[in-house]
Amino acid sequence: MVPNANSNTVSLQSPNAIPPRTSSTGYITPFPPAKSVLRPVPESDWLGQNNTRNRSSSTTAIPLTGMHATGPQDPARYETEDLNYTSRKTWSEQKEKVLVGPFEYLFAHPGKDFRTLMVNSFNAWLEVPQESLDVITKVVGMLHTASLLVDDVEDNSLLRRGLPVAHSIFGTAQTINSANYVYFCALQELQKLKNPEAINVYTEELLNLHRGQGMDLFWRDTLTCPTEEEYLEMVGNKTGGLFRLAIKLMQAESGTPIDCVPLVNILGIIFQIQDDYRNLSSPEYGQNKGLCEDLTEGKFSFLIIHSIRSNPSNLQLLNILKQKTTDDEVKRYAVKYMEGTGSFEYTQKVISILVDRARKMTDELDNGRGKSVGIHKILDKLVV
């Protein structure tokens with residue numbers, strides 16, 4: 001029977017009164033239960049406390065910035081109200097800053113700007129008009145930064161260029177929205193070229209970028225070790241996508257009939273393999289992104305694939321990837337293991353062979369014109 005809530009004489013048993021302990025055999029402990037240290041609380045009191053608590057919590061709401069009181073509103077105004085806000089251009093600079101906040105945060109802390117260096121080096125051959133080159137350089141920078149925002153979310157990264165990742169500051173949802181917004185801002189910027197081929201290039205390479213990223217994530221999340229050939233295809237889509245985007249846009253705006261895409265494809269592969277190598281060996285890389293971040297991400301990089309496939313019966317490295325460890329000692333052990341399988345030495349040899357191959361392609365494209373200095377400097381930076 002439920003006590004009358006209006007009665008002031010009905011008391012409830014104190015909540016810390018413990019019943020006799022009964023064993024699994026039904027034996028009841030002979031010791032009397034401890035007396036309550038709390039006095040019985042009348043039901044009207046604890047009901048009143050609950051109401052008070054609800055009232056107090058409702059009056060401590062945090063005020064919203066930019067809010068102000070409005071007078072009574074007539075719902076009939078929606079019969080004639082102009083709801084076409086886009087045509088009235090109500091979008092403000094302040095709202096724009098909200099959207100691009102995560103993008104501008106990362107953009108304000110640039111990396112080594114490898115892509116701008118590449119654009120300028122290839123332009124020695126392609127001789128793109130400066131106005132078009134400015135648009136292309138801006139678009140490539142926007143896409144690169146936006147893609148890094150998404151990468152950091154998908155990889156659960158903590159650091160980017162030695163600073164907290166954008167989604168640790170702005171939140172995951174706002175960061176993803178900002179990156180997606182910038183993808184379309186870049187497309188809008190590209191329309192200034194008034195070149196249909198530029199739009200085709202943009203669409204094709206953005207598709208390739210997401211295809212490569214999708215496979216990279218699939219292997220990580222399903223703990224599936226790809227072959228080297230599958231890895232190279234992924235890199236050609238993911239890393240090579242933005243490289244090709246820049247050069248193919250330049251070719252679309254150039255009057256020089258030269259096809260640089262095969263060379264750019266090789267550069268993209270070298271760049272990614274070299275990045276994988278540095279991730280597991282470079283102290284500078286560790287300071288900017290964390291020690292051996294690929295191991296923490298559970299990523300199947302070039303060295304890790306080689307090491308696992310060198311001895312498939314040993315599951316230690318695969319299990320370390322599965323743990324996505326943040327333990328530095330475990331990561332150092334993994335590096336030692338990969339050294340034992342010859343993966344670092346193998347990667348150095350592959351990079352050396354690919355760099356030599358790229359140099360030969362560069363000299364063939366240059367054909368003695370003396371305009372390949374910038375490309376050779378890029379290749380110098382990719383040697384490990």
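Backbone N, Cα and C define each Cβ position, glycine as well.
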Record says R160, K238, T239, Q272, N279, K299 bind dimethylallyl diphosphate. Source is Swiss-Prot. Which of K138, K289 does it list for that same site?
K289
Looking at Swiss-Prot, K112, R115, R161 are annotated for isopentenyl diphosphate. Which of H144, H167 sits in that same site?
H144
Rounded to a whole number, how many Å is the Cα of H144 (isopentenyl diphosphate binding site) away from the Cα of Y183 (site 'Important for determining product chain length')?
10
Cα separation, K299 (dimethylallyl diphosphate binding site) to D155 (Mg(2+) 1 binding site) (Å, whole number):
9
Give the number of CB atoms, excluding that of H144 (isopentenyl diphosphate binding site) itself, located within 10 Å of its CB.
21
A 10 Å Cβ contact count, applied to the binding-site residues R115, R160, R161, K289, K299: which residue has the minimum?
R161
